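Down below is the structure, laid out as structure tokens.
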């Protein structure tokens with residue numbers, strides 16, 4: 001090997017190559033620091049400093065860099081002190097030479113993303129990701145190294161700050177004393193801020209200004225910075241986008257003709273103070289960066305100012321800037337920023353293209369935690385790495401699932417945990433968002449109760465029907481919401497329970513057993529087994545449910561919702577057949593009359609089902625010539641049947657139903673995303689998003705009412721009595737069945753308790769995930785305890801059994817999501833958690849119980865609209881899991897295409913079997 005080349009003989013290309021191959025991105029030297037300005041006797045040149053820092057991160061050494069050590073130590077201090085950094089609003093003021101002289105003007109601002117003043121200073125640009133030249137970051141690093149750095153400066157006005165900075169530079173002989181007055185005069189000139197104004201306000205101000213003349217305006221431009229905020233600062237509408245507690249960073253950059261070398265200062269104030277008219281918004285300031293230099297380098301000053309602003313928007317550098325003890329800590333923060341920088345080669349992209357903000361940003365906490373872990377692992381050897389691997393190998397056990405080792409210990413802990421929050425569960429619901437959730441979940445619950453009630457009636461010979469479903473839903477749901485550990489859960493009959501009820505009724509019928517009595521004993525055994533599981537804290541087993549199990553279960557239930565809604569819609573093509581062979585020219589050939597003669601009219605079945613002839617009045621004695629005046633309903637009541645070529649033709653009902661179905665679904669999806677649009681004020685957009693489902697239902701109910709077509713409507717029982725008159729409201733345990741059936745019932749009860757435990761607890765795990773940011777804790781043992789006691793009540797009254805409904809519960813939580821009111825331009829609103837309370841569920845179930853009295857209103861709601869809501873709920877639930885079709889939008893597009901394909905397939909089959917008219921019951 002040859003002798004090493006001395007560092008002073010290295011070319012710039014070699015030096016930059018040694019620092020990580022960054023040379024291709026560095027343009028010509030247009031910055032402040034040049035090789036001519038650096039003393040040859042100085043031990044470290046600009047590039048060699050970067051090289052020395054980069055060597056610690058290179059592949060040729062295992063030692064962690066000094067910068068990483070400093071940053072890691074500062075992050076460790078913040079973690080120990082549990083300190084947080086407020087959000088920074090950053091503005092860039094540039095000194096421009098105008099016809100009236102030198103003037104400070106705001107040219108850009110940042111919260112998370114950059115906004116520039118464009119179109120001649122008339123408006124702000126759209127927020128975009130800042131793109132920097134690598135050279136400007138190197139120049140900024142040199143500015144921090146060579147300039148004045150004042151940390152924890154005790155000052156209470158901008159004038160005091162300027163005076164102290166100038167005094168320090170004069171004392172250090174970096175500024176000539178005779179320049180004090182000129183520099184102070186330039187820095188204290190009042191800046192011109194660009195505030196967003198409505199067109200009406202801009203016209204009004206222009207009219208007033210033309211009347212008063214320009215004298216006052218010129219006077220204001222020459223004035224010094226006011227120490228108190230101006231009127232336009234206090235009324236600036238942009239202030240609404242900045243959260244409370246934010247602080248301001250001011251960056252001043254420009255060129256003057258009386259300086260021969262740059263005037264550089266980085267200031268961190270000891271206490272954040274208001275600097276009067278210096279800032280665009282009236283928030284206290286924490287950081288200031290001042291860069292003034294000789295003429296002919298204004299572009300370099302502008303780029304360095306933008307680099308400083310970009311650094312201050314970085315969460316990691318913000319923490320460094322808040323906790324830095326000296327100049328070297330700030331430089332270490334810049335080096336860490338450079339270490340994570342992504343370089344784009346010149347000539348391979350268009351620098352004029354602005355990169356829009358991403359919809360989802362990575363969590364800054366994860367990035368900071370990663371830096372902290374790397375630093376700890378290096379300091380402690382492999383100990384931390386071993387602990388991390390151990391932590392990742394075992395799932396974290398939440399406080400709610402830790403065993404106490406005592407009977408009912410978990411239940412007692414759940415009650416103690418939830419009791420302090422009980423009253424807040426009611427007054428936390430005093431929000432208009434809860435009103436929207438009540439209407440949405442009420443309609444979903446009523447539709448679900450009617451659907452499952454109808455299917456239960458078909459499966460159990462109306463021993464349990466729609467009315468029992470309404471009553472059971474109201475009693476069980478309201479009780480659960482009052483006393484459960486997670487009141488956001490919505491109870492409902494589920495598919496697996498329905499299958500068991502069908503098998504149980506079939507078994508009872510085959511062996512001549514009383515179905516409700518047999519079911520009562522099974523329910524009592526299920527409750528007994530459930531109480532044993534609560535007493536032994538068996539709910540701790542849910543910690544072994546993997547994410548795959550949870551999401552597979554959620555995906556299955558969601559797909560069932562989607563399948564059922566599509567299936568219900570496709571059955572409309574049978575009940576309301578489409579006359580594919582209809583020709584407008586043959587309309588005179590189409591007729592349909594009532595035929596009261598024939599064998600079908602004299603059958604024993606018809607005689608049994610036909611009402612008394614006296615009750616039919618005038619219709620019974622009609623002559624054959626007048627039978628054409630009978631309606632379809634009257635004809636069927638008389639035992640007749642319809643004859644004609646147009647009897648099976650129901651115009652437009654099927655197509656209109658699909659319009660209502662898909663329209664409700666697509667309208668709900670669109671309105672839910674309306675809060676992300678750019679139209680209308682933020683408060684209005686959020687209100688529309690919260691009421692999206694209700695608005696979609698109202699819109700398409702109105703369309704249906706205007707067209708006046710006889711689409712299938714929601715049918716609610718209007719009398720409060722058992723569906724089957726052979727049963728009562730109380731089931732007696734000892735009746736027709738043998739005494740030993742109470743013991744045999746324990747066998748099927750074991751299957752039911754396994755089914756209910758899995759269904760209940762998997763749903764509870766899904767609802768209590770960390771990503772929902774629940775603050776009041778879960779109650780796995782208390783929820784199972786409530787479900788077990790409700791099994792006793794519903795079994796004794798002969799009502800359906802209830803368990804947590806996954807999809808409706810997720811829809812309930814989705815309707816109660818809290819998001820940040822203020823968000824930075826270009827940033828999506830932050831998810832803050834769920835509005836945890838008991839009132840929405842309680843009111844929903846009370847309304848469900850009183851739906852019998854609301855039947856005159858509910859009968860105007862088309863069933864296709866409610867099926868569209870079901871489809872939306874299924875797709876929305878799919879979007880909450882990771883096992884999904886790419887994204888929620890992709891999933892909804894796929895479902896829409898599936899529905900359309902299924903419709904075409906059903907239509908093809910109808911054309912093949914035209915004339916068959918099986919009429920399902922739409923009451924269920």
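Heads up, the Cβ atoms here are built off N, Cα and C, so glycines get one too.
Residues or ranges marked as compositional bias 'Polar residues' in TrEMBL: 32-46.
Marked as domain 'Band 3 cytoplasmic' by TrEMBL: 225-351.
Per TrEMBL, the feature domain 'Bicarbonate transporter-like transmembrane' maps to 406-883.
Among residues of the same chain six or more beyond the transmembrane segment (437-457), those with a C-beta under 8 A of the stretch's C-beta atoms are 464-470, 473, 477, 490, 492-493, 498, 501, 564, 693-694, 697, 714-716, 723, 800, 805, 808, 811-812, 815-816, 840-841, 843-845, 847-848, 851, 858, 861, 866, 869-870, 873, 921, 923-924. Here TrEMBL flags 437-457 (among others) as transmembrane segment.
The transmembrane segment annotation in TrEMBL covers 469-498 (among others).
Summarising the annotation, TrEMBL assigns transmembrane segment to 518-536 (among others).
As annotated by TrEMBL, transmembrane segment applies to 548-566 (among others).
Per TrEMBL, transmembrane segment is recorded for 653-671 (among others).
Feature annotation from TrEMBL assigns transmembrane segment to 691-718 (among others). If you look at the transmembrane segment (691-718), the same-chain residues 6 or more away from its ends with a CB under 8 A from one of its CBs are 436, 439-440, 443, 446-447, 450, 466-467, 470, 572, 575, 652-653, 656-657, 660, 663-664, 667-668, 670-672, 674, 815, 851-852, 854-855, 858-866, 868-869, 872, 922-923.
Long-range contacts of the transmembrane segment (738-758) within its own chain (CB-CB distance under 8 A, at least 6 residues past either end) are made by residues 496-497, 500, 504, 513, 517-518, 521-526, 528-530, 533, 538, 784, 787, 791, 801, 803. The transmembrane segment annotation in TrEMBL covers 738-758 (among others).
The transmembrane segment annotation in TrEMBL covers 779-803 (among others).
Under 8 Å from some Cβ of the transmembrane segment (839-858) lie the Cβ atoms of residues 425-426, 429, 434, 437-438, 441-442, 445-446, 449, 467, 470-471, 473-478, 480-482, 487-490, 714, 716-720, 812, 816, all in the same chain and six or more residues away from its ends. Look at TrEMBL and you will find 839-858 (among others) tagged as transmembrane segment.
Beyond the transmembrane segment (865-885), the same-chain residues lying 6 or more positions past its ends with a Cβ under 8 Å from any Cβ of the stretch are 440, 443-444, 447, 547-548, 551-552, 554-555, 557-562, 564-566, 568-569, 660-665, 668-669, 693, 696-697, 700-701, 704, 714, 806-808, 810-811, 814, 891-892, 894-895, 899. Look at TrEMBL and you will find 865-885 (among others) tagged as transmembrane segment.
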Query - Local confidence of the prediction over the domain 'Band 3 cytoplasmic' (225-351), expressed as mean pLDDT - result: 85
**Report entry** Same-chain residues at least 6 beyond the ends of the transmembrane segment (469-498) whose Cβ lies under 8 Å from its Cβ atoms
**Finding:** 414, 417-418, 425, 441, 445-446, 448-450, 452-453, 455-456, 459, 560, 716-717, 755-756, 759, 763-764, 767-768, 777-783, 786-787, 790, 793-794, 797, 799-805, 808-809, 812-813, 816, 834, 836-838, 841-842, 844-846, 848-852
Requested in this report: Sort out the residues at least 6 away from either end of the transmembrane segment (653-671), same chain, that have Cβ-Cβ distances under 8 Å to it, and list them.
Outcome: 565, 569, 572-573, 576-578, 688-689, 691-693, 695-697, 699-700, 703-704, 707, 709-712, 862-865, 867-869, 871-872, 875, 892, 896, 899, 903
